[in-house]
Number of protein chains: 4
Amino acid sequence: MSDVKKVVLAYSGGLDTSVIVKWLKETYDCEVVTFTADLGQGEEVEPARAKAQALGVKEIYIEDLRETFVRDYVFPMFRANTIYEGEYLLGTSIARPLIARRLIEIANETGADAISHGATGKGNDQVRFELGAYALKPNVKVIAPWREWDLNSREKLMNYCEEHDIPVDFAKNKKKSPYSMDANLLHISYEGGVLEDPWTEAEEEMWRWSVSPEAAPDQATYIDLTFEHGDIVAIDGKATKPHDVLSYLNKVGGENGIGRLDIVENRYVGMKSRGCYETPGGTIMLRAHRAIESITLDRESAHLKDELMPKYAELIYNGYWWSPERKMLQAAIDQSQGSVNGVVRLKLYKGNVIVVGRESEDSLFDASIATFEDDAGAYDQKDAEGFIKLNALRLRIAAKKGRLDD
Amino acid sequence: MSDVKKVVLAYSGGLDTSVIVKWLKETYDCEVVTFTADLGQGEEVEPARAKAQALGVKEIYIEDLRETFVRDYVFPMFRANTIYEGEYLLGTSIARPLIARRLIEIANETGADAISHGATGKGNDQVRFELGAYALKPNVKVIAPWREWDLNSREKLMNYCEEHDIPVDFAKNKKKSPYSMDANLLHISYEGGVLEDPWTEAEEEMWRWSVSPEAAPDQATYIDLTFEHGDIVAIDGKATKPHDVLSYLNKVGGENGIGRLDIVENRYVGMKSRGCYETPGGTIMLRAHRAIESITLDRESAHLKDELMPKYAELIYNGYWWSPERKMLQAAIDQSQGSVNGVVRLKLYKGNVIVVGRESEDSLFDASIATFEDDAGAYDQKDAEGFIKLNALRLRIAAKKGRLDD
Amino acid sequence: MSDVKKVVLAYSGGLDTSVIVKWLKETYDCEVVTFTADLGQGEEVEPARAKAQALGVKEIYIEDLRETFVRDYVFPMFRANTIYEGEYLLGTSIARPLIARRLIEIANETGADAISHGATGKGNDQVRFELGAYALKPNVKVIAPWREWDLNSREKLMNYCEEHDIPVDFAKNKKKSPYSMDANLLHISYEGGVLEDPWTEAEEEMWRWSVSPEAAPDQATYIDLTFEHGDIVAIDGKATKPHDVLSYLNKVGGENGIGRLDIVENRYVGMKSRGCYETPGGTIMLRAHRAIESITLDRESAHLKDELMPKYAELIYNGYWWSPERKMLQAAIDQSQGSVNGVVRLKLYKGNVIVVGRESEDSLFDASIATFEDDAGAYDQKDAEGFIKLNALRLRIAAKKGRLDD
Amino acid sequence: MSDVKKVVLAYSGGLDTSVIVKWLKETYDCEVVTFTADLGQGEEVEPARAKAQALGVKEIYIEDLRETFVRDYVFPMFRANTIYEGEYLLGTSIARPLIARRLIEIANETGADAISHGATGKGNDQVRFELGAYALKPNVKVIAPWREWDLNSREKLMNYCEEHDIPVDFAKNKKKSPYSMDANLLHISYEGGVLEDPWTEAEEEMWRWSVSPEAAPDQATYIDLTFEHGDIVAIDGKATKPHDVLSYLNKVGGENGIGRLDIVENRYVGMKSRGCYETPGGTIMLRAHRAIESITLDRESAHLKDELMPKYAELIYNGYWWSPERKMLQAAIDQSQGSVNGVVRLKLYKGNVIVVGRESEDSLFDASIATFEDDAGAYDQKDAEGFIKLNALRLRIAAKKGRLDD
């Protein structure tokens, strides 16, 4: 228990991670470095400084990571049209590798030999943090207090606070919620509470980032998104930075009741869990990206991407962002995006994201071939006969053997 | 050109296939058998009898195939959560193998040596009809008039009608449309006309099966769907036949503005084309099926299905329903559906299909394990450490070699 | 430690598992049931009875499982042409699920609440035993002594024997080997010792089941294998039971220097390890199965099988035989084997398995089509133009946009 | 027929392509440019010049492409451990895209508007040539005489020669063979003749590049191959150019009876065909590449490569080298090869390629972890329990529902 000298903690400024600061010092007799990141979760991060200082922390890192988060993690993931289990846009999953990287970089800068986090032993986040940490610093010591301590009830935590003079007003800054939540620029998530019964509908007051479709405006909003190499670079014709793209789409999406999701998902640790998510901007981006690909991407490239996507999504969900296999898939995906350029026009209306137009100088849609009108010889319909005949040949040979008639 | 004695034609009763009847007789000096099927396209099929008789056809087949269509084609496809290119629910594709099968069965019954259809040489349907036909009767002769004749404009067709006494009122029964359309119980599709420019939004008056989200009721509709072995067997607790399921869901979905789709897709013959689709019932079924699977299907089964799905969808889109490889995938998919039983509650509102509850006696969701509360030892959080450590081992060994830091 | 009442142990009769009998009784104060199986490892299993009795065991199971092993595990696996990491034929992996099943069935028969095995904490076998056990009896208690005790050196084990009156002659029956070995009808494996350096060539005296290619006869052996539904049912025209097939092929293969393999493989627990294997019969079966498939299996079925195989192999290697996803893949594979019937002629010579002939009433090889001579119209070469033109269409459209020239 | 002005012909100097020169001029009234490449087929290419001149050709291209062939086509393909249908090393397939590229480049240089080749309408090569040509020059005209003319017997060809003063000694330079053959540095292939019966063993005199295993030396040959980034760069420690690597391995492999293959394969045009191949160097390279990967490549990267390989092989076999989807897969494969460095020692003996050692500074084999001896804490066996428990969790939950017991 005592060979840890200094530990870098992913510190939110909330009650739980404040308890962890104390507990680490007490349990490991070690120095604690706190790291607090602005990933667009919608809360100020600067107040974490005073809180950490009050807990006796001397090395305090507070950083705005929104730009790198969207540019280097969210955007590459969206190039793959990534969805986990047909529904989930991986809002929590994609933030973890960046946090893991900064924890390790700070450990290297400060000479720390360990990292710590506030994720429980039942969830995916512990895996994502720790796989990232081990991949980037193989000999790092990882401390996961929730797997070690016995403070496994709210009551015990409160007693610990009292005994250790941790100001409980820490908790009051955050509106008390019956849900376990996580937020960043890509989404906000809700778990626990009444959601633990999959038959129970989520309460309207749970949702924080979007209005309900019912409450959304009766007038649709139209928006043009410009892509370069598969990433959004402009909104309504105006060049926009990656994190500003996502902020803006969250805003306009949330206003139009877009991006709510209520699912039961399969965790990497082997259980099913109910989760609710709001991903307004991501929901818009996914639809738009598929639309721009629909006119600019080769058919077989698109189909190959679709076949690779479930595995790519699983890797990110399970915490393997830093793995060599994720990098292999990324290389294939990125290779396909060079011509994914152009503009998509969307109509946003009461929960719906409707594609109404797409155009591109790199379009492979050739109206002169596809037309129902006279195509002036661009396509010779007689070619189809040979195409079908040879594609059918193996089936015909098999059929002659009486094979295919069951 | 002259070795055909009798040909079975997929006959809609419309102008084009009526011209084909005449053209086949004239060109091949052969008998023509017509086959007209009710697949739920929403038009009477019985009038095709008089039209065929007027054209001199003696063997006329008119059949209601709605039940087998949904039970034996649509439902098996939906077990796989099948989507082509991330969007398209394959409404046209899935009807073709059934039509091909009946054409061949009728050919066998009537002693015909050829089949014919009215699909063009640019599209997917010719491929689907013909691959099916060859797979089921390898030596059948296939006649595809659109690839052979020179009646490649409306004017030439009309002249042909006049010259051959084909009553052009045939065409008047059908509301004249600028779009090429196809319909069956699963969907109605639109191509051509202004849709040939992917930047142009579809006109509101084009859509026939659904109201717009704007025009849908302000009150949501709740619906309970009961699944057995992956198929819907009851609606709101009442046992319902497959095709009645789809009819009802089309109705309630269309009323709530659900199921419109506007995409550019990649045809098997090598071109991109714009298509608009209304699939109200199918859109609801897909969402509901994923929801019931989310609590009843094993994680790795679900992920394997997701990995296999794009290929399965491609096979159906390309016309390989009767192929041995489609049957292999179907065997795998069906193997997974034994416990996909239970009820899904949906909220339908202005284009949105929202899952609000799912329950099943076969549920693998175990609240006693997933809970954020005390789980009474159902899950030992300490197991997670070993799980992570061994999953990380290969990454750590590589990291020690300086591998993963780029 | 003390809530175990009765444990079923996979008992080889060797020193290690004899120590485990004593250690289980002493540590858990429980009854021990021993289970010893003949899987064709080439050693008598009956002597295990006296040894178990001498250790005070009252319930002793000794069984000949060779037939079920080959028919229900080895043969289904070979239908998939299964190879792990391009080389390994999974000889050890495929025996574990059967042992796990019998352990659990015996536990159910004898009212035991736990099972135990002698596999170490570093290997794959612990995983295979335990995943199987948990899948078949989810609440079973698993005891893995090598992960628990401190007898982690030969010396400590010997001391334990002395202290507990375990007759060490137990060990003498087995020729002392520097290698860790495992054998069953499919293979014999070697690990450890000098093999721990991947640059060191295995010594000739290590190999037990095969002569070296150098020492094999100078005359080739020809053999005919008859397949039904993908399984071998006759040798040289004589009907043969599954395990007799494998016994015979091991003999003739070993005599001809066939089936030696020396690889570094990736274990599921995260490390690489060196292993040497002799799989004479399996090496022959794999080659023959591919040969019979080459004339009887549809192209796309074959390609789909090749795409699914690596995952199927991984599942078996990792211990997921009893998982739903393995059963899904098996359903797909078995679906493909109905017409995999016929005869393959092989030439065996000094390590080589050479296919020299294949024939089948279900052959899809059609000489009248494939011939370089006049095919009398069986194939119309002009069809190829349309086939190529439409397959090229997407490439041409992309090329016109300057896409493919890098 | 007459809109072709100048055509570039893939010209071997043999009788068939000499006839094509004349036939093109006569049929299309066009200029012919000949292109003859040395790909290591083992015949002089320079004599083609005089022959072409004798046929009146004015623009004659004769090129040594051996280096680019191996470096830019063969080596990238071997990085993927590419095998078609479990057996075939794609020796013919991989040469076609290079020839297609040079045909198109020469067409661009000479102002030609068409290309031509001597491949038949039944085979894969026409597809490979033409897909390549269309991908690189979308509006090129392709002339495939074998699909157009009626010279479909040897007799008609000879008559044509006589009528057109084509010196038939052209044919005599080549030893008359009953087989259709193709050769380049990677392999030589045989089709037709007695091989059209898959039950007939190939005659010993057919094989040209290798001795039989029986005739190979009684002494084994040892060889060390050094890899950098997945490619062989040195033999027995001596730096060697790509095409010299393959030349040398062909020589030493052929001498040791290595690389003969006799298979029935599935052509892209829909038929099965029998082919025999000699690929001595390629057989050695494949084995060696897997061996160096076995110690240097991450497990999941290796498994992902194995899953992608069948599709990659199919793309090359079918002629899609220049397609965007092949480039996507190549990007993934190449991404994995950075650390595939080191030395493999092989023993070559009478048809066997036996790996006897592998070593690398980038080795991920860690004896200190894998050892059966005391590992000094490098691996904590207790971690395995948690690893297994969580991997088993989903199976246990399913088993409690009675799922997995069938």
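Just so it is clear, glycine is given a Cβ too, placed from its N, Cα and C backbone atoms.
Record features, source TrEMBL:
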type: DOMAIN; residues: A:6-167; note: domain 'Arginosuccinate synthase-like N-terminal'
type: BINDING; residues: A:Ala10, A:Tyr11, A:Ser12, A:Gly13, A:Gly14, A:Leu15, A:Asp16, A:Thr17, A:Ser18, A:Ala37, A:Gly118; note: ATP binding site
type: BINDING; residues: A:Tyr88, A:Ser93, A:Asn124, A:Arg128, A:Ser180, A:Ser189, A:Glu265, A:Tyr277; note: L-citrulline binding site
type: BINDING; residues: A:Thr120, A:Asn124, A:Asp125; note: L-aspartate binding site
type: DOMAIN; residues: A:179-397; note: domain 'Arginosuccinate synthase C-terminal'
Determine the most Cβ-crowded residue among the binding-site residues A:Tyr88, A:Tyr277, using a 10 Å radius around each Cβ and all protein chains in the structure. A:Tyr277
How many Å lie between the Cα of A:Thr120 (L-aspartate binding site) and the Cα of A:Ser189 (L-citrulline binding site)? 16
List nothing but the largest Cα to Cα distance in Å, as a whole number, among the residues A:Tyr88, A:Ser93, A:Asn124, A:Arg128, A:Ser180, A:Ser189, A:Glu265, A:Tyr277 that the record says bind L-citrulline. 19
For A:Ser93 (L-citrulline binding site), just give me the three-state DSSP call. helix
Around the L-aspartate site (A:Thr120, A:Asn124, A:Asp125), what further same-chain residues have their C-beta within 8 angstroms of the site's C-beta centre? A:Ala119, A:Lys122, A:Gly123, A:Gln126, A:Val127, A:Arg128, A:Arg267
So, three-state DSSP: helix, strand or coil for A:Gly118 (ATP binding site)? coil
For A:Arg128 (L-citrulline binding site), the three-state DSSP class is helix
Is any of the binding-site residues A:Ser12, A:Gly118, A:Ser180, A:Glu265 near chain B, in the sense of a CB under 8 A from one of its CBs, and if so which? A:Ser180, A:Glu265
Nearest of the binding-site residues (A:Ala10, A:Ser12, A:Gly14, A:Asp16, A:Gly118) to A:Glu265 (L-citrulline binding site), judged by Cα-Cα distance: A:Gly118
Identify which of the binding-site residues A:Gly14, A:Gly118 has its Cβ surrounded by the largest number of other Cβ atoms within 10 Å, counting every protein chain shown. A:Gly118
Just give me the nearest neighbour of A:Ala10 (ATP binding site) among the binding-site residues A:Tyr88, A:Ser93, A:Asn124, A:Asp125, A:Ser189, Cα to Cα. A:Asp125
Would you mind pulling the DSSP three-state label for A:Ser18 (ATP binding site)? helix
Spatial hits near A:Ser93 (L-citrulline binding site) (Cα distance within 10 Å) out of the binding-site residues A:Ser12, A:Asp16, A:Ser18, A:Asp125 come to A:Asp125
Min neighbour Cβ count (10 Å) across binding-site residues A:Asp16, A:Asp125, A:Glu265 flags A:Asp16
Measuring Cα to Cα, tell me the gap between A:Arg128 (L-citrulline binding site) and A:Gly14 (ATP binding site) in whole angstrom. 21
What subset of the binding-site residues A:Gly14, A:Asp16, A:Arg128 has a Cβ positioned less than 8 Å from a Cβ of chain D? none
Summarise the model confidence on the domain 'Arginosuccinate synthase C-terminal' (A:179-397) as a single mean pLDDT, whole number. 96
In whole Å, how far does the CA atom of A:Asp16 (ATP binding site) lie from that of A:Ser189 (L-citrulline binding site)? 18
Which one is closest to A:Asn124 (L-citrulline binding site) in space, judged by CA to CA distance, out of the binding-site residues A:Ser12, A:Ser18, A:Gly118? A:Gly118
Span of A:Ala10, A:Tyr11, A:Ser12, A:Gly13, A:Gly14, A:Leu15, A:Asp16, A:Thr17, A:Ser18, A:Ala37, A:Gly118 around ATP - largest C-alpha separation, Å: 16
Quick one: which of these binding-site residues, A:Tyr88, A:Asp125, A:Ser180, A:Ser189, A:Tyr277, have their CA within 10 A of A:Gly118 (ATP binding site)? A:Asp125
